[in-house]
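**Q** Quick one: this structure, given as structure tokens, is what I'll be asking you about.
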Amino acid sequence: MSIGVIVFPGSNCDRDVQWATDGCLGMSTRRVWHEETDLSGFDAIILPGGFSYGDYLRCGAIARFAPALQSLIDFAAKGGRVLGICNGFQVLTELGLLPGALTRNQNLHFICEDAPLKVVSQRTAWMQGYNDRALTLPIAHGEGRYQCSDDTLKQLQDDDAIALSYGNNPNGSVFNIAGITNASGSVLGLMPHPERACDPAIGGTDGRRMLEALLG
């Protein structure tokens, strides 16, 4: 099992992700500079949190043009597992691998707190380990409000592609959405940070089972 973590100028959670996947879970993990184009040696790709390219224009808008992401489109089309966390989720929507968009929080403030979450669908491997369907993960974002059209929301519901919802909806996301998958379930994007909840020494392990899904 080999994991690639794509690093953009402005990424700040890539080392956290590598520590979680490699240090905690023993998965061989390499950080991949955004100019690299060969992703063929990886079993899964993670887009980490941060502020890619300073979030200029809007979050993820510039990162979508990175050479590595053009290769990521092909990787995902072949069924490769892709996980986008926080800014990574924003990038996946800009890239078109996931529908909708992430916009400014409803209260216009940066939110940093532990968020109670509910597993909405256990259809995909990402969520199958959460038998109790309730978990808590850290969030830290200023543009995490998930927005989509009514037609897109219906499609997400029809595809059973809403993976996670907020218990208290801190940012005003439509339908309390915290994370979604593509129709096949191979691509997951979420605003909460599972990599920050893998070790009891730093406050919980609710993110661990989600990352273990990278093992297939």
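Including glycine, each Cβ sits where the backbone N, Cα and C put it.
OK, Swiss-Prot features for this one:
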{"type": "ACT_SITE", "residues": "CYS86", "note": "active site, nucleophile"}
{"type": "ACT_SITE", "residues": "HIS193", "note": "active site"}
{"type": "ACT_SITE", "residues": "GLU195", "note": "active site"}
{"type": "DOMAIN", "residues": "2-216", "note": "domain 'Glutamine amidotransferase type-1'"}
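On this model, are these features tucked inside or out on the surface, and what's nearby?
**A** A C-beta separation below 8 Å, combined with a sequence spacing of at least six in one chain, links CYS86 (active site, nucleophile) to CYS13, PRO48, GLY49, GLY50, ILE139, ALA140, HIS141, GLY144, LEU190, MET191, PRO192, HIS193.
In the three-state DSSP assignment, the secondary structure recorded for HIS193 (active site) is coil.
Note: GLU195 (active site) has non-local neighbours CYS13, ASP16, VAL17, TRP19, ALA20, THR21, PRO48, ILE85, GLY207, LEU211, i.e. same-chain residues 6+ apart with C-beta under 8 A of its own C-beta.
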**Q** If you count Cβ atoms within 10 Å of the Cβ of HIS193 (active site), leaving out that atom itself, what do you get?
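**A** Neighbour count, Cβ to Cβ under the 10 Å cut-off: 23.
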